[in-house]
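Visitor: Take a look at this one; I'll ask things after.
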């Protein structure tokens, strides 16, 4: 679990299509149109970059950066964003909301050098995972669909 929380810090860089999180902005639930775990000002910023989808086949799908403050820097700002309720993806924000991972998020927020060391070690470990090919697995042409 700790390595998963550590590697999630990679969301300090990169971007996401609006379709991956727009439900959090516009149609979260019957009771809450907007995800109540998301900072209101952050949600408004995202709405300005991600208009409400017009229909299910809408081909307009802008991208936004995961971290508005330091989008091109791999740093521990990801964890600061989670504490401020500015996690872009619901799965990211859940790391702060869950009692199982909250302490890890706090630690990574408060100890950037320790996080960077843990991140490097976890990346090296992940590099040793065997790629499954043939009948055991596949490398997908499109991450969202089985070949």
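Heads up, residue numbers simply count up from 1 along the chain you see.
Glycine residues also receive a Cβ, built from the backbone N, Cα and C atoms like all the rest.
Because TrEMBL annotations are produced automatically, they should be read as predictions rather than curated entries.
TrEMBL lists these features:
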- 1-147: domain 'Plant heme peroxidase family profile' (DOMAIN)
- 11: heme b binding site (BINDING)
- 18-50: disulfide bond (DISULFID)
- 67, 70, 75: Ca(2+) binding site (BINDING)
Visitor: Starting from the Cα of residue 67 (Ca(2+) binding site), work out which of the recorded positions (11, 18, 50) are within 10 Å.
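Guide: Cα filter at 10 Å returns 11.
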Visitor: Sorted by position, what residues of the same chain at least six away from residue 18 (disulfide bond) have a C-beta under 8 A from it?
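Guide: Those within reach of residue 18 (disulfide bond), by Cβ under 8 Å and sequence separation of 6 or more, are 46, 49, 50, 53, 61, 62, 63, 64.
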Visitor: Mind giving me a neighbour count for residue 70 (Ca(2+) binding site)? Other Cβ atoms within 10 Å of its Cβ, every protein chain shown.
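Guide: The answer is 16 other Cβ atoms.
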Visitor: For the binding-site residues listed here (67, 75), tell me which residue's CB has the most neighbouring CB atoms inside 10 Å.
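Guide: When each Cβ's neighbours within 10 Å are tallied, 67 tops the list.
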Visitor: Which residues in the same chain, at least 6 apart in sequence, have a Cβ under 8 Å from the Cβ of the residue listed as 'heme b binding site'?
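Guide: 66, 67, 78, 88, 89, 92 - these are the non-local Cβ neighbours of the residue listed as 'heme b binding site', listed in sequence order.
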Visitor: Taking DSSP states H, G and I as helix and E and B as strand, how many residues of the domain 'Plant heme peroxidase family profile' (1-147) are helix, strand and coil?
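Guide: Once the DSSP states are binned, the domain 'Plant heme peroxidase family profile' (1-147) shows 72 helix, 8 strand, 67 coil.
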Visitor: Determine the Cβ neighbour count for residue 50 (disulfide bond): the number of other Cβ atoms within 10 Å of its Cβ.
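Guide: By my count, 22.
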Visitor: Inside 8 A of the center formed by the CB atoms of 67, 70, 75, which other residues of the chain have their CB, for the recorded Ca(2+) site?
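Guide: Output for this site, in sequence order: 12, 13, 69, 71, 72, 73, 74, 76, 77, 78.
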Visitor: Compute the average pLDDT of the predicted model within the domain 'Plant heme peroxidase family profile' (1-147).
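Guide: It averages 91.
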